[in-house]
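Novice: Can you read through this structure? Questions will come right after.
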Amino acid sequence: MDEKQRLRALVRTRRDARLSAAGDDDSVRSGQQASFTAQLASLTEQLGAGRVACFVSVRGEPETTGYLAWARAHGVEVLLPRVRPGGSLEWSVHEESGLAVGAFSIPEPVGPATPMDASERVDLLLVPAAAVDQTGTRLGWGRGYFDRELARLRAELHDAPPQVFAVVWSDELMDRLPQEPHDIPVDGAVTEESIHRFG
Ligand SMILES: Nc1nc2c(c(=O)[nH]1)N(C=O)[C@@H](CNc1ccc(C(=O)N[C@@H](CCC(=O)O)C(=O)O)cc1)CN2
Ligand SMILES: Nc1ncnc2c1ncn2[C@@H]1O[C@H](COP(=O)(O)OP(=O)(O)OP(=O)(O)O)[C@@H](O)[C@H]1O
């Protein structure tokens, strides 16, 4: 098995174990969620971000639900991704009107697509990942959605790219991950314990 596949399987196993350890214990789950909410809110405030792109967590990913509620309460506009045929992402504002289950069983926003480009900038892009290393190399789930999206944003917003932070559990911050030419490093990572900045 190739090294990336081995690492993805390791992370999958740990996430499944974390899910079953928490079980139906709401106090464990809400504690984990509150930790991520606090770190993500802190980063948003540090950056003075008024417009943020995030994701809706599934299957043992760090919980973003609490952060989405915090953002709404604090007047921070949030864009969420939708998978498009052909393998690109599009973005839509997270509205009260809500979410509908989309591709890969991930809840997606139902509103109109909004461009995420020079005319409609975001200050902070929070991306899912399986793992991140100390140089900002990010390992995803292998379909390249965020690799392509980060490449697009870098090309379009080269004068003022948004800050990009991966959201991972602290045991997913690794020393060294396999790196490929198309990998675009992230600026930092947010875990349930702290905020990390690379380079
Ligand atoms: N919450 C969330 N939203 C997201 C992503 C993500 O990783 N997480 N994406 C990131 O690109 C995009 C959707 N892309 C996806 C890419 C790959 C898989 C995937 O491989 N799923 C595997 C299981 C992976 C796992 O073990 O967790 C599967 O469904 O079999 C799912 C979604 C956009 N939205
Ligand atoms: N900028 C790009 N343009 C076109 N294809 C790309 C680009 N970046 C990555 N890809 C393709 O996407 C696929 C997945 O790449 P990789 O294994 O690095 O994904 P990943 O980082 O795990 O996934 P993701 O970005 O979905 O989280 C590869 O086939 C790769 O060639």
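FYI, residue positions are counted from 1 along the chain as it appears here.
Even glycines carry a Cβ here, placed using N, Cα and C.
Whatever TrEMBL says is automated annotation, not expert-curated.
In case it helps, TrEMBL gives these features for our protein:
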- LYS4, GLN5, ARG6, LEU7, ARG8: ATP binding site (BINDING)
- VAL56, GLU61: substrate binding site (BINDING)
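Help me understand the surroundings of these features in the structure.
Specialist: According to DSSP, LYS4 (ATP binding site) is assigned to a helical segment. Neighbours of LYS4 (ATP binding site), defined as other CB atoms within 10 A of its CB across all chains, total 17.
If you draw a 10 Å sphere around the CB of GLU61 (substrate binding site), it holds 18 other CB atoms from the protein chains shown. Under DSSP, GLU61 (substrate binding site) is assigned to coil, being neither helix nor strand in the three-state scheme.
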Novice: In whole Å, how far is GLU61 (substrate binding site) from ARG8 (ATP binding site) when you measure between their Cα atoms?
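Specialist: Here the two Cα atoms lie 13 Å apart.
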Novice: Please check each of the binding-site residues ARG6, LEU7, ARG8, VAL56 and report the ones with a CB atom less than 6 Å from an atom of ligand 2, ordered along the sequence.
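Specialist: The binding-site residues passing the 6 Å Cβ test: none.
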Novice: Counting other Cβ atoms within 10 Å of each Cβ, which of the binding-site residues ARG6, ARG8 scores lowest?
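Specialist: Result for the binding-site residues ARG6, ARG8: minimum number of other Cβ atoms within 10 Å at ARG6.
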Novice: Across all the protein chains here, work out how many other Cβ atoms are within 10 Å of the Cβ of LEU7 (ATP binding site).
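Specialist: So the Cβ neighbour count for LEU7 (ATP binding site) comes to 18.
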